[in-house]
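Reviewing the structure listed below.
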Amino acid sequence: MLYRLARTGFFQLDAEKAHDLAIQNFKRFTGTPIDLLYRQQLPNRPVECMGLTFKNPVGLAAGLDKNGECIDAFGAMGFGFVEVGTVTPRPQAGNDKPRLFRLVEAEGIINRMGFNNLGVDNLIENVKKSNYDGILGINIGKNKDTPIEKGAEDYLICMEKVYQYAGYIAVNISSPNTPGLRSLQYGEALDDLLSELKTKQSELEEKHGKYVPLALKIAPDLSDDEISQICESLIKNKIDGVIATNTTLDRSIVEGMKHCDEAGGLSGRPVQSRSTEVVRKLHEELGDALPIIGVGGVDSYVAAKEKMMAGAKLVQVYSGFIYKGPGLVGDIVKNL
């Protein structure tokens, strides 16, 4: 009820202004009596995945807390894990505004943010200040002005800097809002990137005395053959997990709706079915070789269960959280 009232107010604002205001309020009120409005104690539903123990299988997807400013707030809401970022080596402003749009009737969101963030060093300082005791994922990407043929360098820079602070590292090569980025999902480009990341992982494991898993985040807009090739590369390079999926460029489900023609990636309920199909295809190809984190339209216990029945070990929420609020986390966890 409280969230529905708050949402009514927030939805009167421009989508990005509402997002920024929410982040500011979470920063301001976490640790004060006001955070009782969203703090919740949930039953433990531990899941072993990528060599880590997650308190429960429901995580926050990357993109909501790009700079790691509200880790403790999201921890208080009962998430089993929190993924921050996407973060790049250098700060960047992202794409021109407006760049975030609600498709309310479809419970979807279109964004063309463009990896706006304050840079990896800023994120690390925020992580250091956090008291969160759950699994923290850090999602890394490349700067827009880094040539795609040198993209691996950006991932390696970020990986080296975040390694000791991350529970796992998510490698984002699937955002549609950085020109050329999705080309890294294919063929030799993917093999070369994963090989370099795996080599760096071994070096950093020796340096820091701990193993931090790597998970690759992929797009929903892939053919079965492309998914098969990605799976081959994941297994060949001994990557620890795969996150499926990012946002879609497909607009067929939202055709005719307000904002449907805005450029960018579509998330939320409209991508639910396709992302679940990608999870299912990945599971057919991978079996138990590496775990899948399912994301895309997880806006209810039923949607979460569908992802898990398709083969996901964990799930993440973002757009569903915007539309349903923190209660969504509890609804999923309590019903599993």
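All residue numbers here begin at 1 and follow the chain in the order shown.
The backbone N, Cα and C atoms fix where each Cβ goes, glycine too.
Given the structure is predicted, the values throughout are model-derived calculations rather than measurements.
So that you can see what the record holds, here are the features copied from Swiss-Prot:
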BINDING   Ala62, Gly63, Leu64, Asp65, Lys66, Thr86, Asn139, Asn172, Lys217, Thr245, Gly268, Gly297, Tyr318, Ser319  FMN binding site
BINDING   Lys66, Asn111, Arg112, Met113, Gly114, Phe115, Asn172, Asn177, Asn246, Thr247  substrate binding site
ACT_SITE  Ser175  active site, nucleophile
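The structure, with features from Swiss-Prot marked on it.
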residue	record	Cβ contacts under 8 Å, 6 or more apart
Ala62	FMN binding site	Glu83, Val84, Gly85, Thr86, Gly137, Asn139, Ala170, Asn172, Lys217
Lys66	FMN binding site	Val84, Gly85, Thr86, Val87, Asn116, Asn117, Leu118
Arg112	substrate binding site	Asn95, Arg99, Leu100, Pro176, Asn177, Glu262, Ala263, Gly264, Gly265
Gly114	substrate binding site	Gln92, Gly94, Asn95, Arg99, Lys144, Asn177, Thr178
Ser175	active site, nucleophile	Thr86, Phe115, Gly141, Leu181, Arg182, Asn246, Thr247, Gly265
Gly268	FMN binding site	Leu103, Ala106, Glu107, Gly108, Ile109, Gly297, Asp299, Ser319, Gly320, Ile322, Tyr323
Tyr318	FMN binding site	Leu60, Ala61, Gly63, Leu64, Ile109, Ser267, Val295
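Other than the site residues Lys66, Asn111, Arg112, Met113, Gly114, Phe115, Asn172, Asn177, Asn246, Thr247, same-chain residues with C-beta atoms no more than 8 angstroms from the centre of those residues' C-beta atoms, the substrate site, are Gly63, Thr86, Gly94, Ser175, Pro176, Thr178, Gly264, Gly265.
In this structure, of the binding-site residues Leu64, Asn172, Asn246, the smallest number of CB atoms within 10 A of the CB marks Leu64.
If you draw a 10 Å sphere around the CB of Asn139 (FMN binding site), it holds 27 other CB atoms from the protein chains shown. In the structure as shown, the Cβ atom of Lys217 (FMN binding site) sits within 10 Å of 26 other Cβ atoms.
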